[in-house]
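Noted in TrEMBL for the protein shown:
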DOMAIN    B:14-128  domain 'Acyl-coenzyme A oxidase N-terminal'
DOMAIN    B:131-234  domain 'Acyl-CoA oxidase/dehydrogenase middle'
BINDING   B:T135, B:G174  FAD binding site
DOMAIN    B:275-436  domain 'Acyl-CoA oxidase C-alpha1'
ACT_SITE  B:E421  active site, proton acceptor
DOMAIN    B:476-653  domain 'Acyl-CoA oxidase C-terminal'
Number of protein chains: 2
Amino acid sequence: MNTLAQERRKAEFDVESMKVVWAGSMEQLHLSQRMAHLVANDPVFRKDFRVTQSRPDLFKNTLRKAAHAWKLVQTLRLTEEEATKMRNYIDEPAYTDLHWGMFIPSIKGQGTEVQQQKWLPLAYKQAILGCYAQTELGHGSNVQGLETTATFDPSTDEFIMNTPVLTATKWWPGALGKVATHAVVYARLLTDGKDYGVHAFIVQIRSLEDHQPLPGVIVGDIGVKFGNGGYNTMDNGFLRFNNVRFPRDQMLMRLASVTKEGKYVQSDVPRQLGYGAMVYVRKSIVMDASNYLSRAVTIATRYSAVRRQFGAQGDKPEIQVIDYMTQQSRLFPLLATAYAYRFLGVWMAWLYSDVMARLEKNDFSTLPEVHACTAGLKSITTSTTSDAIEECRKLCGGHGYLCASGLPELYAGYVPACTYEGDNVVLLLQVARFLMKTLSLLGAGKKPAGTAAYLGNVRQLATQNCQVIKGADWLNPTTLQHAFEARSARLAVNCATQIAEASNQEAGFTELSMELVDAARAHCELIVVTRFMEALKRELPGREVKSQLQVLCNIYALSLITARTGDFLVTGYLSHEQIDLAKAKLRDLFRQVRPNAVALVDAFDHSDYYLGSTLGRYDGNVYTNLYNDALKDPMNQSPVTEGYEEFIRPVIKQQLQLSRSKI
Amino acid sequence: MNTLAQERRKAEFDVESMKVVWAGSMEQLHLSQRMAHLVANDPVFRKDFRVTQSRPDLFKNTLRKAAHAWKLVQTLRLTEEEATKMRNYIDEPAYTDLHWGMFIPSIKGQGTEVQQQKWLPLAYKQAILGCYAQTELGHGSNVQGLETTATFDPSTDEFIMNTPVLTATKWWPGALGKVATHAVVYARLLTDGKDYGVHAFIVQIRSLEDHQPLPGVIVGDIGVKFGNGGYNTMDNGFLRFNNVRFPRDQMLMRLASVTKEGKYVQSDVPRQLGYGAMVYVRKSIVMDASNYLSRAVTIATRYSAVRRQFGAQGDKPEIQVIDYMTQQSRLFPLLATAYAYRFLGVWMAWLYSDVMARLEKNDFSTLPEVHACTAGLKSITTSTTSDAIEECRKLCGGHGYLCASGLPELYAGYVPACTYEGDNVVLLLQVARFLMKTLSLLGAGKKPAGTAAYLGNVRQLATQNCQVIKGADWLNPTTLQHAFEARSARLAVNCATQIAEASNQEAGFTELSMELVDAARAHCELIVVTRFMEALKRELPGREVKSQLQVLCNIYALSLITARTGDFLVTGYLSHEQIDLAKAKLRDLFRQVRPNAVALVDAFDHSDYYLGSTLGRYDGNVYTNLYNDALKDPMNQSPVTEGYEEFIRPVIKQQLQLSRSKI
Ligand SMILES: Cc1cc2nc3c(=O)[nH]c(=O)nc-3n(C[C@H](O)[C@H](O)[C@H](O)COP(=O)(O)OP(=O)(O)OC[C@H]3O[C@@H](n4cnc5c(N)ncnc54)[C@H](O)[C@@H]3O)c2cc1C
Ligand SMILES: Cc1cc2nc3c(=O)[nH]c(=O)nc-3n(C[C@H](O)[C@H](O)[C@H](O)COP(=O)(O)OP(=O)(O)OC[C@H]3O[C@@H](n4cnc5c(N)ncnc54)[C@H](O)[C@@H]3O)c2cc1C
Ligand SMILES: [Ca+2]
């Protein structure tokens with residue numbers, strides 16, 4: 001009896017069509033499959049021994065993989081899109097992430113045409129390898145507080161870069177520690193006797209001949225990070241400058257420049273142009289979230305179907321743990337969330353193109369809203385996804401704690417997404433500021449737009465309570481939409497009211513930060529729910545594909561409502577009875593998902609190689625593989641352990657040298 | 001300017017007295033200090049290179065530490081209490097945990113007098129090393145489903161142990177993989193043609209001469225677990241039996257035995273006696289929770305005082321991040337929780353002695369209540385503590401993600417406590433069963449006792465709403481107590497009512513599992529709040545010690561109320577205004593804790609060695625030490641990385657061999 005095969009037979013929808021929906025299009029699906037296959041079948045990309053390697057070996061192997069991947073890119077003439085996908089499937093943070101994902105985009109975004117022509121060709125062929133050096137020991141969130149200095153010296157037409165204090169040491173940049181030859185360095189620009197604040201510079205840090213750090217450059221790796229593999233394949237580094245000189249034209253001068261006389265000149269390029277890149281990055285983060293979450297959910301779902309515990313009766317086997325209501329209540333909302341984030345990511349891709357089109361036309365009107373919404377979505381999707389990975393691990397019981405489950409490393413490698421590209425709490429506070437501002441401008445008649453448009457309706461939202469009277473009402477999209485809008489609007493208004501009562505607005509904001517964070521989260525969850533519902537208004541081909549997604553969308557919305565009942569109840573929007581109806585409806589929906597659960601994770605189309613999980617194997621053959629893999633563990637190379645003669649035998653034989661001297 | 005020294009000067013209470021409260025007594029404090037000092041100053045116990053060692057080296061070093069510790073125990077003639085404390089400070093899971101914590105107690109609890117006399121002396125002098133082999137590949141939570149068999153053979157007066165199927169492989173027992181010579185094995189007892197269910201047996205698995213597995217025994221390590229160090233110092237193992245024979249008297253026969261004719265005989269020792277041990281173990285788990293939580297909170301509190309970000313004005317430095325309300329709202333409730341769990345642990349020690357005294361007198365009346373309450377407390381304290389460690393790590397921003405923060409390893413090593421000794425969700429379901437049972441017996445006039453006594457008052461609790469009308473009312477212990485009792489009682493009653501409406505009670509229970517879990521959690525949180533408030537009724541010497549604890553107790557209670565507003569609102573117990581008052585009062589309390597925060601974590605008295613955290617150093621000298629430690633990292637042994645010639649230079653120099661052949 002193959003349990004997973006049985007599960008697959010139960011599915012009520014067309015899995016192949018769902019794969020297309022998940023991938024975005026048939027072309028995307030095929031692209032993913034080709035790249036996934038390429039990586040999975042190449043022995044250089046083996047990753048199963050990742051957790052038993054020492055950090056130096058692990059790191060060296062990552063260098064090997066990167067070189068091999070680069071060779072494949074050239075041999076197979078892969079497009080940029082294919083190459084990016086391939087790197088994704090290699091499934092290890094590596095210096096190339098920073099080179100392609102941060103270094104090159106920084107030059108594109110902040111370099112002049114001339115600078116781009118000089119540096120990009122070198123970067124594209126990887127004749128130079130770059131990193132993004134912003135964060136310092138003393139400053140991460142507060143970028144304006146960076147302390148590295150770049151002082152212009154008109155006598156030689158050069159900048160002199162310095163690390164004046166210990167806390168100015170660059171600290172964290174990936175690819176910096178052992179690989180990068182160049183860095184985009186953020187430093188305070190000092191010229192003409194004045195501090196012009198933080199600007200970006202291209203600085204060479206290692207020789208292109210022998211890779212030695214250049215004179216005046218002190219650089220290295222910052223040490224081991226969370227997890228065995230995880231981010232330890234990356235050389236997050238430190239960097240100090242001791243009077244390092246470089247030509248003036250290595251300041252990235254698209255927005256501002258320094259003349260050879262040392263005068264600071266702002267260009268007429270609007271500063272807002274940078275926002276486009278930020279939206280793009282945040283879109284990628286949300287897509288990553290759905291990707292990581294879908295992997296964790298695949299593992300937990302398949303294993304929950306394979307795992308049986310309790311309730312054997314006569315000849316009948318024990319109950320599959322996926323049949324326990326607690327297991328479903330913990331797992332299915334995460335399954336729904338993976339899909340929700342996918343549609344959110346697709347919408348953010350549209351948002352990106354919309355912003356870019358507007359920027360072309362010097363239309364900056366949507367930026368505050370887009371800035372806030374993408375900041376918030378980065379925050380909630382990464383926080384939710386990290387927590388969800390751990391929850392999936394716990395859903396696997398003891399076996400989830402083994403690296404063989406794939407989940408510990410998935411978590412350790414993912415969780416810093418809560419911190420980089422903006423600390424998640426700091427980001428939500430930015431959203432909150434936007435919400436307060438938006439409310440305060442309502443009085444002046446300013447109509448909010450985009451994802452904040454509902455706030456224009458705040459009066460109605462604050463007074464009209466939920467209309468649900470029977471369980472089925474909870475499936476009405478307008479009802480759900482209204483519930484999330486009312487919750488968000490009411491929480492925001494409650495904050496605004498309390499802040500208005502404070503003697504000082506700023507102090508009021510600070511005092512209420514925690515409530516503001518809750519309001520910001522509510523705003524962002526509304527956006528996710530809305531995007532999911534919107535996506536389902538489109539045509540979605542394939543047998544019962546749309547109806548399955550509809551169930552997931554309802555689960556997503558209702559599980560948020562039941563998880564955050566406080567928010568909905570505090571303002572009297574919902575009644576006790578309505579909450580109970582929501583919970584009962586949710587259980588109904590779980591029952592509808594249940595026969596489709598395994599097929600719904602199959603639709604993510606993750607290969608066994610990519611999952612890297614014995615518990616999440618497609619064939620469900622969990623126990624044999626756990627056991628066989630253990631037999632191969634380095635610890636089992638000999639039946640008697642290393643250290644027996646020195647440290648175990650003397651204990652058992654009462655032959656320890658009993659003195660105060662050390663062993 | 002030494003920030004932490006300044007912080008310490010702000011403290012409004014006597015830290016030394018608080019240390020005594022935390023430790024339990026002056027004697028306990030001195031004991032802890034002596035043992036902490038002993039370990040911290042012995043180079044054999046170095047742990048700073050833990051995360052850079054390969055697993056085999058790491059493991060060998062753990063064997064070394066264990067042998068050395070055992071030598072110290074004998075040389076210094078340490079008492080059992082001292083030895084246990086010392087092992088705690090060595091701060092690494094090791095085989096000795098199982099030997100002393102599970103193997104010996106099992107023999108004590110389940111062995112006859114004769115068996116104890118035979119085995120305990122050997123175990124006490126570590127002439128044999130034992131483990132506890134219960135869980136199998138296929139069964140953990142469902143102990144009754146274990147598949148290993150012990151078949152009695154009257155012809156030789158022996159048991160024959162077998163692993164009939166793959167899923168019967170023992171899997172997880174600590175100390176089993178590479179160290180133990182003996183195991184307490186749980187197996188189905190087959191005799192007289194009948195299956196008598198799971199019983200415990202002492203089985204030798206390795207030779208006492210050369211440590212080779214005995215004939216018929218297949219044993220090894222199950223592989224790498226979450227984290228770098230973490231549980232990887234432990235040899236969690238697998239074990240299979242192929243017709244392994246051992247004498248009949250190695251069945252642990254206190255409760256039941258097999259005669260030499262093969263007849264199964266139950267003894268007249270009450271089966272309930274085992275419960276005492278369980279209460280003891282759970283007490284230790286709760287104490288461990290407070291210990292781990294206090295370590296994480298120490299690190300996050302000190303670093304939050306040292307870390308500054310944003311808001312520099314003129315000459316004034318930036319704001320300490322501990323001054324942000326979001327930081328306080330996330331951190332201070334965890335500080336309060338650490339203290340709450342401490343007092344809870346103390347109460348559970350009393351509960352243990354109370355249960356033991358009753359068992360002596362064959363009084364089993366309190367067992368169901370004690371069983372439920374300790375199961376639930378194990379569950380909520382371990383879940384909360386693991387989440388809290390990760391929250392503390394995130395409170396440290398990017399630097400928290402470095403192993404140098406100490407937090408990744410603290411988490412990875414702690415989190416399995418959510419799974420072992422009972423999966424936390426399965427445990428809460430047990431509590432829920434008890435609650436439903438208790439409610440159902442009310443009708444029959446059965447008065448609930450102990451921690452469930454309040455349920456006797458269910459009618460009043462279900463109808464009388466909260467009396468708070470101004471912020472200060474929230475500090476009234478009776479008010480708080482009533483709030484938690486009402487919440488718990490109402491959630492339980494709501495479940496009971498819905499179950500009663502179901503056609504079938506069992507189906508109703510299953511259907512409502514998630515709500516039942518919430519009710520169980522509410523019951524347990526009530527117990528913690530109550531114990532904290534009770535503890536403060538005692539005399540607590542030392543300047544302002546009690547008033548500080550009072551603030552923390554109120555923070556603990558109010559932060560739970562504001563975190564779970566849904567529970568309190570859903571039944572109409574609290575109003576919107578009362579919640580806002582609670583939140584405002586909580587912010588007041590945070591302000592009161594703020595100047596004392598660093599001193600309150602100093603009172604835990606954790607040494608720098610024990611914390612193992614650069615961010616949590618007592619002297620606050622974070623940045624210099626982060627930097628200097630990085631310089632010593634193995635990755636920085638040479639300026640040019642290993643792998644440069646093979647994998648970086650060919651990329652930069654465009655000299656990769658471009659063919660389809662592998663590198
Ligand atoms: C794996 C990883 C990779 C990285 N890669 C790079 C890289 O390639 N290049 C690079 O330049 N950097 C990189 N970073 C650094 C990263 O960008 C920073 O760690 C991040 O911006 C967070 O800043 P911080 O560490 O200073 O946190 P902090 O700001 O110090 O946060 C500490 C705490 O203070 C709180 N806090 C701070 N400010 C406020 C406020 N105003 N209000 C309320 N609370 C506040 C935070 O919420 C948090 O709880 C990386 C980091 C990691 C972990
Ligand atoms: C670090 C570590 C050390 C250990 N040390 C030892 C040791 O020394 N000796 C030893 O014998 N064992 C040991 N164990 C094993 C441990 O006791 C088991 O892992 C634990 O009991 C959980 O059981 P499980 O793994 O079978 O989880 P499962 O029961 O398989 O849990 C999987 C999922 O099913 C759910 N589930 C299961 N039953 C139900 C139910 N009835 N209702 C609702 N949901 C349910 C759970 O909530 C969970 O989400 C150790 C484990 C770990 C991780
Ligand atoms: Ca390692």
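Glycine is treated like the rest: Cβ placed from N, Cα and C.
Between the C-alpha atoms of the residue listed as 'active site, proton acceptor' and B:G174 (FAD binding site), the distance comes to 13 Å.
Broken down with DSSP, the domain 'Acyl-CoA oxidase/dehydrogenase middle' (B:131-234) shows 10 helix, 45 strand, 49 coil.
The residues of the domain 'Acyl-coenzyme A oxidase N-terminal' (B:14-128), classed with DSSP into helix (H, G, I), strand (E, B) and coil, number 90 helix, 0 strand, 25 coil. Residue with the densest Cβ environment among the recorded positions B:T135, B:G174, B:E421: B:G174, by other Cβ atoms within 10 Å. Mean pLDDT for the domain 'Acyl-CoA oxidase C-terminal' (B:476-653) in this predicted model: 97.
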